[in-house]
Structure formats: structure tokens, C-alpha cells
Amino acid sequence: MGIQISPSILNSDFARLERELGRIASADWAHVDVMDNHFVPNLTLGLPVVESILKVSPVPVDCHLMIEDPDRWAPAFAEAGAQSVTFHAEAAAAPIRLARELRRQGARAGLAVKPTTAIEPYLELLPELDMLLIMTVEPGFGGQPFLESMLPKIRRTRQAVKDAGLDVWIQVDGGVSKATIERCADAGADVFVAGSAVYGAEDAAASIAELRELAAKAC
Ligand code: DX5
Ligand code: ZN
């Protein structure tokens, strides 16, 4: 599939969501961060807002669920039409069953791990998944500095996906910018979430193009 850019709308103007989504029409995805104030110490938006976003987004929607009990809540996001739904390994009681349910609803199934969660226990789940999300900041907020120490984890994950002979995408999220994207791509990531790097830029399309180019050169 190659390099994909998934701008996070977390740092966009929530009062003008349709216009803000229009700014990222040249991206591959719109990354939507759902936070519940329990799994992470922040509260963003839920299913009704995602349903509204799905009606107007110029690109497919990549839902990142930072919520407790995704076994219960995640399938509704797929049912609503989100093209990719990612839940956290730390929160899921039955990740295989949940991934299968998401796929059954027609969504791509993603599994996310926080910076201190090892990826190894989850590698057996690779055939059940379409994407692994390696968090490169502690989830909860945009604008945090990239955790350099996650690079070996990205590299090990890429090797495992290669060894398994599967086409599982590796997404990185947190602190991805012009300054860090090349190292992520070099380590093996292929889907790049960028919040402040895109929405903090005057020209979001130019920022997306620049990130895409830097990643493509480095991978
Ligand atoms: C953080 C979210 C991210 C966030 C990234 O928990 O999952 O998607 O919006 O923002 P930046 O790119 O600014 O670190
Ligand atoms: Zn995210």
C-alpha cells in the first residue's frame, strides 16, 4: 500500500469540523481520536460525532478508540461506517473476538499499544489484524514530544509482520512531524498520524505533501 498519512483532527477547530476535514482532502485518512476520560485522562467525542464526521469527511475515517471496554463499544463505530477501527490492547478483554467482529462489520481492525506495552504478546494475533498502532507518546493529548525509544519496537514489529508474510500496516501516532517522520519510516512504519504537524500548519495540504515525501524517501 505504501506510505499513508492520517492527520489527527484532535488539534483542529471542533466548532468547524466540516471545514477542518476539508483541509485534509489530500490525506489518505482522517484520524479521529475517541477518548472517554477513563482509559486516558481526556474526553473528546463519541459515536454521534463520528457519525456526523462520516457524512462529510472527504477521506476514509480512521477511528482510534482510547476507551475502556472496547469489546462493548467498538463494533458500533464499524457499524456506523468507519473504515478503520483501532482499539487498545490494554483495554480489550477478547481482542480476537473483537477484531473479527470489526471485520465482519466491514471495517479494518487495528490493535494499539501504549509506549510501555510490549508488542510481543500480541504478535500471534497478526492474522486477525489489519493494522498495529505503535503509540509514540502516552495517549491522551496532542502536541507531545515524540518518544525516540519506541523506534526499536517499530523495527521489531515490522520484522514480525515480514516474517509472518502478512500485509499488516504499522501506524505510528504521537509527535510525528517533519523532524521525526523519517526515523519512523526507516524503522518500518507505513501509516503516519500527524496532529499538530498538520493542523498547526498554515497550509495543511502542503504539510501533508511534505510529510509524505519525507516518509517515502526514508522507507
Ligand atoms: C494522542 C492521539 C494522537 C494525537 C497526535 O493520544 O492519539 O492522535 O492527536 O497529536 P500530535 O501529532 O500532535 O502528537
Ligand atoms: Zn490517535
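Using the three backbone atoms N, Cα and C, a Cβ is placed for every residue, glycine included.
Around the Cβ of H64 (divalent metal cation binding site), 27 further Cβ atoms fall within 10 Å across all displayed protein chains. The substrate binding site annotation in TrEMBL covers S8, H64, G140, F141, G142, G143, D173, G174, G175, G195, S196.
Annotated divalent metal cation binding site per TrEMBL: H31, D33, H64, D173, in sequence order. Take the CB of H31 (divalent metal cation binding site) and look out to 10 A: across all protein chains shown you find 29 other CB atoms. The secondary structure of H31 (divalent metal cation binding site), as reduced to three states from DSSP, is extended strand.
As annotated by TrEMBL, active site, proton acceptor applies to D33. The Cβ neighbour count for D33 (divalent metal cation binding site), using a 10 Å radius over every protein chain in view, is 24.
Less than 8 angstroms from the CB of D173 (substrate binding site) sit S8, H31, H64, A112, L133, I134, M135, T136, V137, P139, V193, each of them six or more residues away in the same chain. The active site, proton donor annotation in TrEMBL covers D173.
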Close-lying binding-site residues around ligand 2 among H64, G140, G142, D173, G175, S196, where CB distance stays under 6 Å: H64, D173
The number of other Cβ atoms within 10 Å of the Cβ of G140 (substrate binding site), counted over all protein chains shown, is 19
Between S196 (substrate binding site) and D33 (divalent metal cation binding site), find the distance joining the two CA atoms and give it rounded to the nearest Å. 13
Judged by other C-beta atoms within 10 Å of its C-beta, the most isolated of the binding-site residues S8, S196 is S196
Non-site residues, in chain order, whose CB comes within 8 A of the mean position of the CB atoms of H31, D33, H64, D173 at divalent metal cation: S6, S8, L10, V32, D62, C63, T86, L133, V193, G195
